[in-house]
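Straight from Swiss-Prot, the features:
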BINDING   CYS12, CYS49, CYS81  [4Fe-4S] cluster 1 binding site
BINDING   CYS150, CYS154, CYS157  [4Fe-4S] cluster 2 binding site
DOMAIN    3-118  domain 'MTTase N-terminal'
DOMAIN    136-371  domain 'Radical SAM core'
DOMAIN    372-433  domain 'TRAM'
Amino acid sequence: MKKRLYIETLGCAMNVRDSEHIIAELTQKEDYELTQNLQEADLILINTCSVREKPVHKLFSEIGYFNKKKKEGAKIGVCGCTASHLGEEIIKKAPYVSFVLGARNVSKIRDVIKQEKAVEVDIDYDESTYAFSDFRTSPYKAFINISIGCDKKCTFCIVPNTRGEEISIPPELILQEVRRAVDTGAKEIFLLGQNVNNYGRSFSDKARKVDFTDLLRMVSEIDGVRRIRFTSPHPLHMDDKFLQEFATNPKICKSMHMPLQSGSTKVLRDMKRGYTKEWFLDRAMKLREMVPEVHISTDIIVGFPGESEEDFADTIDVVQKVRFEQIFSFKYSPRPLTPAKDYENQIPDEVASRRLSYLQDLHLQMLDSISEQEKDKVYEVYFEELKPGGYVAGRTDNNWIVKVKGSEELLGEFKSVRITKPGRLSLEGELVG
């Protein structure tokens, strides 16, 4: 009888892909099968995020809950970015945890499950040529890593300390994985990296000198690929070559994540982001000009140390000019191992909270007018998910979530949809034809 694996995934799309790799290793090469029932699992894994402080604080209460609910003899393992930076401390605080596996050590999962109190958190471990097995949480799209780690030194970010220096995965391995995904039914390819458009800079072999724009073109030339998405690009590397490929390649989805973080050049300098307010606006407005239908999302941190009212006003100015379709906004969260946590002039929580509320309220007002303009437009929607009430949901090329009345027969299909009911976060429509 097979052992049962329960896994909970927190955080970003890269964690989703890491969990897929773990599941593949254990279900295809070890005697495990996946379960959604915590209490019947023989192995319980939590794949963690450490970008902000709150999820880290929740970790120990969560694994304590798992320990109470698990069946006798079941093992608990902690994986991911929090595992990388806390390491042995996790087992010291929670001795019922069987092992700790860092974000850069996914390929070691089969070894650590056979050890007691193993801690594998080497952020210099090279997984770039590791031949991951096939497993996808969605039959309709494939998450594919194109790089591992990050070579940026943003002063607020712990990721370089949990995922290590950036290494680009060889293009031939990426294309091989894309072909396998297409052969097993995926029509949408989602390329992943901390800074995808920095791809290729780690290659020392000149014969392999491929940048992200080249890689996009190569992926798009594979038969069976209908759509290409990617996250997360860095504004600093949004050169004209990249924007031109984005605008003209019909397989590249017209949605772009542009992490602003702050609209103040002074704050951006303190964050070590490498660009200015003016650079960001130039890239965003050029993108709007080249691709009028583009959907631009962003990340914004408010309350970064030293952020004045004038600095915050600069952020609001960028928001009003770019009119982002989606904003992921947060109060600054001091992280261990980052320079910004020791900066002077930390912003009081009540000030950061006020700024966050103002930003979020402003964006909600914008969304009302942005979404209203979608009414009566016709989009091609790729349906991926059943929703309550007899609805099926999918995404447009430019990343609107659209739901229509329908059945599971729509799943995995591209259909034309006329938008009948705009909404802030999603649209409703009806099938055309």
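First residue shown is number 1, and so on along the chain.
Cβ atoms are placed via backbone N, Cα and C, with glycine included.
Taking a C-beta cut-off of under 8 Å and a sequence gap of six or more, CYS150 ([4Fe-4S] cluster 2 binding site) has these contacts in its own chain: CYS157, VAL159, PRO160, ARG163, GLU165, GLU166, GLN194, ASN195.
CYS49 ([4Fe-4S] cluster 1 binding site) sits 17 Å from CYS154 ([4Fe-4S] cluster 2 binding site), taking the C-alpha atoms as the reference points. Remark: secondary structure over the domain 'TRAM' (372-433) totals 4 helix, 34 strand, 24 coil, with classes taken from DSSP. DSSP assignment over the domain 'MTTase N-terminal' (3-118) gives 55 helix, 27 strand, 34 coil.
The average pLDDT for the domain 'MTTase N-terminal' (3-118) in the predicted structure is 90.
Surrounding the centroid of the Cβ atoms of CYS150, CYS154, CYS157, where the record places [4Fe-4S] cluster 2, the chain contributes additional residues within 8 Å, namely LYS152, LYS153, PHE156, ILE158, VAL159, PRO160, GLN194.
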